[in-house]
């Protein structure tokens with residue numbers, strides 16, 4: 001396992017065969033590494049290496065991505081050091097790897113796989129050497145990637161080497177900085193570049209960047225869909241500074257005064273000071289409500305809202321809906337059992353509100369990843385049984401109310417319900433803290449295609465029949481919104497597109513959704529694209545190719561300016 005300074009390597013055409021059309025097709029070319037964790041750290045003392053603390057922070061964000069991780073640090077004379085690979089943080093970053101990540105500031109990233117790729121070349125952070133040496137980690141998804149790629153090719157003449165829109169976003173930023181033509185830039189130039197980026201790019205993005213020898217930067221899209229915040233810590237005569245997706249990283253690292261980066265805001269931190277400015281045009285502030293339902297850790301605070309308190313409130317609101325529906329159905333419940341782990345908080349509050357016994361009926365194997373983010377129905381189904389075991393003691397001869405945070409494909413729910421019935425449950429009623437998920441997420445969560453969502457095109461009764469439940473009860477959307485908003489009334493709305501089909505940024509039409517779904521469907525994810533690069537290095541890979549979103553272009557046989565297109569930034573993990 002090695003962590004080398006960044007370098008460019010040449011590969012043969014059989015391993016690297018990315019091709020792109022010179023004009024954008026109607027479908028999106030790129031699909032980002034959805035639902036990621038980002039982190040940036042600047043230590044006041046440049047002689048102290050930041051890598052250990054960055055890796056510890058990434059381990060706290062591991063729930064946001066379990067497929068790949070990476071760190072780039074900046075050492076003396078602005079030299080950059082990189083280590084990134086497929087795998088968990090604990091597996092990629094051993095003592096030897098961390099020791100070679102030199103420098104007092106750096107950027108880190110964790111991701112999970114989406115849309116058919118686990119190629120380590122698409123692990124973040126990404127790097128461009130011109131201008132100045134820039135590194136970027138990104139959480140989110142751009143919805144105008146095709147037109148931006150056309151701009152990169154025809155106007156900016158910048159080479160995009162992967163199918164990740166994170167690399168595209170980095171190059172938009174780099175191109176804007178290039179326009180200054182300066183030997184050395186300042187904060188004003190960076191604000192101008194990010195402001196230009198926000199006019200060019202559409203979608204959701206929370207980003208942490210680093211300019212070699214200069215400092216670290218964070219910015220957030222004008223709608224504030226994906227989270228990122230900052231905190232500081234006293235360090236001798238100065239301060240250490242942190243950017244992270246969730247506040248838990250600041251809490252664990254002894255940082256205080258956590259502040260969320262505002263929608264459309266850019267924050268620049270150097271060892272000389274902190275500069276903040278809203279550079280994006282005003283837009284509706286709409287953080288993704290699914291962060292509170294499922295993705296974020298309960299001990300985090302996002303946009304002034306405690307995830308833990310919001311889930312308690314979800315349980316209270318769901319209790320009222322459960323009471324009403326059970327009464328109408330003339331069904332009594334003997335016990336409330338949560339589906340571990342995310343729904344525990346809500347289930348406990350629901351049980352207390354309904355004055356019902358709360359029991360832990362499932363024992364969880366903590367060494368199996370989140371089934372929601374696993375590729376392929378067969379793998380998800382198989383891993384549910386490995387992940388959970390039902391205790392007959394709590395199910396036998398009882399009417400059981402299972403509380404879950406949400407129902408996505410229904411695969412996990414169906415297996416869990418069958419497990420409950422296999423150990424003797426008389427009736428299994430499922431209560432979901434979230435409304436029915438009927439639409440795709442295009443802002444950074446790899447929801448499956450609509451046809452693979454169990455709620456799409458189905459009534460509540462049909463959903464219950466599909467997953468084998470005696471009854472399914474969903475939270476009402478206004479109640480879910482109120483559960484979160486009560487803790488920060490200044491948030492007027494949330495991105496609830498997976499429930500409502502209304503996309504806050506606009507620009508999402510049926511043609512776009514159809515093209516995104518063509519990349520996300522399970523039968524597509526399991527295939528290796530013809531002519532695409534094959535995964536042959538790294539650890540924790542599954543043989544799936546890394547040319548995400550390029551299928552339509554690969555079929556066309558188009559090339560970029562007639563170039564061979566075989567030069568790329570090589571991953572530095574596990575290279576002697």
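Keep in mind that glycine also has a Cβ here, set from the backbone N, Cα and C atoms.
In TrEMBL, annotation is done automatically, which means it is predicted and not curated.
Some features that TrEMBL has for this protein:
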ACT_SITE  36  active site, nucleophile
BINDING   342, 404, 405  Mg(2+) binding site
DOMAIN    36-272  domain 'Glutamine amidotransferase type-2'
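The residues near the Mg(2+) site, meaning same-chain residues not in 342, 404, 405 whose C-beta sits within 8 angstroms of the mean position of the site's C-beta atoms, are 293, 294, 338, 339, 343, 346, 403, 406, 432, 433, 434, in sequence order. Cβ-based crowding with a 10 Å cutoff singles out 405 as the top-ranked of the binding-site residues 404, 405. Around the Cβ of residue 342 (Mg(2+) binding site), a 10 Å sphere holds 24 further Cβ atoms from the protein chains shown. Recorded residues residue 404 (Mg(2+) binding site) and the residue listed as 'active site, nucleophile' have their alpha carbons 22 Å apart, per Cα-Cα distance.
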